[in-house]
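Asks: One structure follows; several queries about it will come next.
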Protein chains: 2
Amino acid sequence: MTVNTDRSAPDDELLDDGSIADSVTPWPISWVAEQMLGLPEEALVPHGRHVAKIDRTWLRRLEDAPQGRLVLVTGISPTPAGEGKTTTTVGLTDGLRHLGVRASAALREPSMGPVFGMKGGAAGGGWSQVVPMVDINLHFTGDFAAIASANNLLSALIDNHLHQGNALDIDPRRITWKRVLDVNDRALREVVIGLGGPSNGVPRQDGWDIVVASELMAIFCLATSLTDLKERIGRIVVAYTRDRRPVTAADLQAQEAMTILLSTALQPNLVQTLEHSPAFVHGGPFANIAHGCSSVLATRTALATSEVVVTEAGFGADLGAEKFIDLKCRLSGLRPGAAVVVATVRALKFHGGVALPDLQEEDICAVRAGAANLRRHLQNLREVFRIPAVVAINRFPQDTDAEIAAVREIAAAEGAEAVEATHAAHGGAGAAGLAQAVQRLLAEDDGEVSFCYPDEADMVTKAEAVAHRVYRASQVTWSATARRQLKQIETDGYGHLPVCFAKTPYSFSTDPSRLGAPEDHVVDIREVRLRAGAGFVVLMTGDVMTMPGLPRRPASATMSIEEDGRVSGLS
Amino acid sequence: MTVNTDRSAPDDELLDDGSIADSVTPWPISWVAEQMLGLPEEALVPHGRHVAKIDRTWLRRLEDAPQGRLVLVTGISPTPAGEGKTTTTVGLTDGLRHLGVRASAALREPSMGPVFGMKGGAAGGGWSQVVPMVDINLHFTGDFAAIASANNLLSALIDNHLHQGNALDIDPRRITWKRVLDVNDRALREVVIGLGGPSNGVPRQDGWDIVVASELMAIFCLATSLTDLKERIGRIVVAYTRDRRPVTAADLQAQEAMTILLSTALQPNLVQTLEHSPAFVHGGPFANIAHGCSSVLATRTALATSEVVVTEAGFGADLGAEKFIDLKCRLSGLRPGAAVVVATVRALKFHGGVALPDLQEEDICAVRAGAANLRRHLQNLREVFRIPAVVAINRFPQDTDAEIAAVREIAAAEGAEAVEATHAAHGGAGAAGLAQAVQRLLAEDDGEVSFCYPDEADMVTKAEAVAHRVYRASQVTWSATARRQLKQIETDGYGHLPVCFAKTPYSFSTDPSRLGAPEDHVVDIREVRLRAGAGFVVLMTGDVMTMPGLPRRPASATMSIEEDGRVSGLS
């Protein structure tokens, strides 16, 4: 991606993300740990010189440490114009450090599949990046590979159980556990396995998801210890018997081996920003098809070693922030003290109906029209979740002062401050104003949040609460399949779990083309997927896919590597 | 595995492998590198405290260093009675260190799939192990995951090409590149993918192999640099067009991205034995379905930093040693100065017809009968490959002196020394005699080897040379499919490549039940697989599988892990 060159101040040299990252010498990760977090070298498990995991024994020592404040970075509904949420998370962390606050970031690990497709990586941009970028965007410390291994071991155990006589009486037509890969591979969405005769197992229909969509990724990110991880894994419902009783991973004696495969990975990863602020990058469920937050263990480790932790939830606040609060906070006890809603003038104009090629023209009317999207996210944060919020205007060079003023005015009408930030071009210094605004919110905050629905509501009520209160839908409908699945889930005793919508990120509605702040729309739930180990139920809407495909011209075709290991074309 | 307790001297406490490993405090890996190999800390990329990769820049610096001598550890045809080849490789390395020789080991990385099945790990046993055992047996430094990622990216690119219009005119029925996982999963051997309608790609038959059977694993182990790796990947033939022209990975512009995914992994891994001898553990193709040797880069790194490098090839000498010489040595220029053939009295009795439960009874006649297997391997090494060899008798406590004497006598009749070794019970000290015998061979050796067939022979001649000279078959037959594939391979200009048999390891023949030294058997080649990137052709015989399955009671069911990360049931 070179998109960030757009954001440089006009007198700056136009540098791409890779060149900017290469121009900075990262500190040894042990310096970052010691000087920024007060963690000694023995608290680290090094992975090369610039990446480390936090040793398990130290995670336990940190449990009783005083906790810092948590800041959630979320955004308006994403557009192809770009918002820069990760970039702002990094910039704000560096900005807080400029004010003398011991801040750190808590981010998700990028998924490798999309890196070779279209999306590119997810390590921030411009002067607000986490490094080493290539490592973070690819295998990193092997966490996703470990999750895939454990996930696929469970699949192999299920099919082996069928093959070896099926003592549990698993119905091969009702196996819900899917295999996963961290590759964009549409041809694996629907498959038939076990062909070729009796020595190859039992033929059945199956499918693959991308790792970031898996229940095991969600479990990994919600687990608070190895023991909690193991217990959650044991509770996973993988299939149903012929008389419709749930079969769990514990029934297949899988939970110990799967936990063994995940034990190293469960230790949070530490890297640094270009300004040497600590960044915990750990776990990475997508926010459209999963719960979209980095790991609870990493957040807790960051809170135990920092005054302020800036964490990002995926996509817009309808998905990322809702799930952050209703799932991650509800299940873990974490509480954000403030939220930052990232917006750009360009994206607001796009929401206001301007076509992508025309976004560089000043258009105050379009900004005002598109700001309906921003307004609604702000209202949701304040009225539904009761979190104080500030708007971060991630300023691009073409944005005019009049457009910026319009955004400020709109935010002010909602009782929120809007602060322009130029961290992509100027690093943490460009986000110092934003950091000050965040500090003001934290000083006033009472540390409480509201959930969108109470724990004890039934599942239909929970789904309707999110659809009506957050998405502003007028109606929720359930397909016949979804109703049947809901009934089974309630019969089996899982009716009390919270809900996780799988929905397009591009609209409050389930139709990605309805930008701005659509109303009177219908949320059609076509499928309900139990995630008993993670502790929630996924409600599938629209045509959201849990395994992406590659585009006509995959990014892989334009990458290259030299004999010295130098990579280009990846960012 | 607790089988190694059998090998402890009777007055020893009976300890399992895990307890033995835990009783030793490993050195920081930087000490091992500096004191044992003369490598400074900056030559290492740490992965935790006891594992490191050798930094790429150092691999190039070491290219001009003086080279040590190479010793190949191979074995008799394996039996369920156990031979201990990895254990002997470790013991011999430690034994050489006892004599003051700067020795190191070069081993394959274990495959994770079988760890959860039946086989257990592959880190040696007793007092001759490499550590940290759990890490080495599981994800280790992520090399296999990286190979799987790169392999499966290529698969996704192939199916995406079909989906996006198929400009290369790939015949979906003639795609030879398979997806891979490091899981034992028989249900994936034969599958149909791309189901569910036009948005899910093009339906076609497909299949999965285990990572260690893949061409990419072979390429990884034969590559001499990143550039060589990239060129080999570009040459991979993944499919044929409708008019039967080969389609390569380069045609899909896949080689740069795949090399990027492999670049970290290509740096050799360094660990230590329980006696702190250095062990390079890198790459791991199986020897029955692939070429069975650890990486050329690791062997070269070891040779540039050690006086003697002890390396292991998989299974018996008919598979491992033949492929080590005819493939790894032929393609890399490496030359072993001596070979060690590992045998046990128990395994020889099994080859001589004794049933597994009766192996503890003294039976000189059975030893003599079974020694036909040992004799033939010794003859092959001397007559076909012209490598001086010594027999290592991996002594078990029940073995009688008369049985050992019988083995010595048989070896002597073949002009070879047989030395008993007790390294499993006594560490390197128990292999000092073996180490001395190896040193005598090295002192006499001229550093040359013979190949089984010349480069310029045609493929049928090459196959017959291995079958007649090494397997002692009376006849080689080719199925109609194999003949057609052979013709295509020759037409496409790959007829000059060397051959890699996929054959059962349990017999010289293709029938695993024919123990000892069968003659007059027929080698039936049912399929020919081109491996243009690796630089050889695989000849499939018998019913050898390239994706294993799990047993009725998988090892995963008996493993466990505690909150402090301590694992049991894995070795």
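Yeah, the Cβs are placed from backbone N, Cα and C, and that goes for glycine too.
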Asks: Please identify the range among A:264-285, A:484-505, A:550-571 that TrEMBL labels region 'Disordered'.
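Replies: Here TrEMBL associates region 'Disordered' with the stretch A:550-571.
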Asks: Looking only at the region 'Disordered' (A:550-571), what are its DSSP counts of helix, strand and coil residues?
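Replies: Breakdown, helix to coil: 4 helix, 4 strand, 14 coil.
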Asks: Inside 10 Å of the Cβ of A:GLY82 (ATP binding site), count up the other Cβ atoms and send me the figure.
Replies: 21
Asks: Tell me the coarse DSSP state (helix, strand, coil) of A:THR86 (ATP binding site).
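Replies: In three-state terms, A:THR86 (ATP binding site) counts as helix.
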Asks: Which residues, sitting 6 or more apart from A:ALA81 (ATP binding site) on the same chain, put a CB under 8 Å from its CB?
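Replies: Those within reach of A:ALA81 (ATP binding site), by Cβ under 8 Å and sequence separation of 6 or more, are A:THR344, A:ARG346, A:ALA347, A:LYS349, A:PHE350, A:LEU356, A:LEU359.
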Asks: Given a separation of at least six residues and a C-beta threshold under 8 Å, show me what packs close to A:THR79 (ATP binding site) in the same chain.
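Replies: A:ARG346, A:ALA347, A:PHE350, A:HIS351, A:TYR506, A:LEU515 - these are the non-local Cβ neighbours of A:THR79 (ATP binding site), listed in sequence order.
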